[in-house]
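Peer 1: Below you will find the structure I want to go over with you.
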Amino acid sequence: MGHCYYNETIGFFYNNSGKELSSHWRPKDVVVVALGLTVSVLVLLTNLLVIAAIASNRRFHQPIYYLLGNLAAADLFAGVAYLFLMFHTGPRTARLSLEGWFLRQGLLDTSLTASVATLLAIAVERRRSVMAVQLHSRLPRGRVVMLIVGVWVAALGLGLLPAHSWHCLCALDRCSRMAPLLSRSYLAVWALSSLLVFLLMVAVYTRIFFYVRRRVQRMAEHVSCHPRYRETTLSLVKTVVIILGAFVVCWTPGQVVLLLDGLGCKSCNVLAVEKYFLLLAEANSLVNAAVYSCRDAEMRRTFRRLLCCACLRRSTRESAHYTSSAQGGASTRIMLPENGHPLMDSTL
């Protein structure tokens, strides 16, 4: 077994891989952090809203919505992980210990893996629901729980492996350029796994599309509903294109550079674009909320109700504060009924 460099600094591994470790804040670092913080905050707020909507509306207490809730939780975790990265990047990277660096990387790997795996689970559940001709899946809750547990076990496995064994601390010639403490084989496996998930999603949604098209077409042959058939088909095409298109746009660039680095491409300038492609992958956690949740009419109504309730509570508190202030100077009393609209009481 070769010599292991457990006592070396982060700078040692970055120099070994040829990745620059900045000692001061460059304009590029400031831009990346500013964009990253903005995306992270939006991801946190959006997915918190999705989780609150699913928890508060009993109509969403169905297996498919449990999976959507798990997707929101994974994306919320991704927002936290990326926020942690933004506070430990740039010149601060050099001050990290090896354990701190692996924690930073592990949070990202775990959260993004959970998000991607949940996307596949949702696709499989949608296929099962469509084949069973159900609006809401009746998949036993125990199976949904097992599916969610399986997603997180796989995510934690991929996230924790680098810190324990799948690193290059004992084999410097295997270190990657984008993640100087990780083995190139880890990056290649992660990229290929994400690509496999995408191909499986394409296969599942393609099967759903052709199944629904055949079914609606048979119905159209017996009933004069050709315009409705066309509308249903176009709507399904739109849904499939949005789902797969969002995944391709957000994930493909990052998968390509990870795979190139994992395969040891020396002539590929992966370091020039890695931060921006990682930001694009993180933006998928924001896009997921729009694609999988906000397109649901009932979900949108629940969002409006939650936001209106929050605004109403704030308005009520402000009115109550105004009332208590006014009582000191006049005997006029203001009552606030449950509907939140102030009424004047004539007691003088």
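If you go along the chain as it appears here, the first residue is 1 and each next one adds 1.
Backbone N, Cα and C define each Cβ position, glycine as well.
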Peer 1: Taking the topology from Swiss-Prot, would THR93 and THR302 be on the same side of the membrane?
Peer 2: no
Peer 1: Are there residues at least six beyond either end of the transmembrane segment (186-206) with Cβ under 8 Å to its Cβ atoms? List them, or say none.
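Peer 2: Residues 109, 113, 116-117, 119-120, 123-124, 126-127, 158, 161-162, 166-167, 176, 178-179, 240, 243-244, 247-248, 251, 255-256, 258-259, 261-263.
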Peer 1: State, in range form, which of 31-51, 67-87, 144-164 has the highest count of Cβ pairs under 8 Å to the transmembrane segment (105-124).
Peer 2: 67-87
Peer 1: Going along the chain, which residues at least six beyond the ends of the topological domain 'Extracellular' (165-185) come within the CB cut-off of under 8 Å?
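Peer 2: Distal contacts: 1-6, 10, 13-14, 16-19, 98, 101-102, 105, 257-258, 261-264, 270-271, 274.
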Peer 1: Residue list, the transmembrane segment (31-51) vs rest of chain: Cβ under 8 Å, 6 or more residues beyond ends.
Peer 2: 68-69, 72-73, 75-76, 78-80, 82-83, 85-86, 89-90, 275-276, 279, 282-283, 285-286, 289-290, 293, 299, 303, 306-307
Peer 1: Report, as numbers and ranges, which residues of the same chain sit near the transmembrane segment (144-164): CB under 8 Å and 6 or more residues beyond its ends.
Peer 2: 63, 66-67, 70, 74, 99, 102-103, 105-107, 109-111, 113-114, 117-118, 121, 125, 181-183, 186, 190, 193
Peer 1: So which residues does the topological domain 'Extracellular' (261-276) touch in its own chain, when a touch means Cβ under 8 Å and the partner is 6 or more beyond its ends?
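Peer 2: Same-chain contacts beyond the flanks: 19-20, 28, 32, 176-178, 184-191, 253.
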Peer 1: In the same chain, who gets a Cβ under 8 Å from the topological domain 'Cytoplasmic' (52-66) while lying at least 6 residues past its ends?
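Peer 2: For the topological domain 'Cytoplasmic' (52-66), the far contacts come to 72, 122, 125-126, 129, 136-141, 143-144, 148, 293, 298-299, 302-303, 306.
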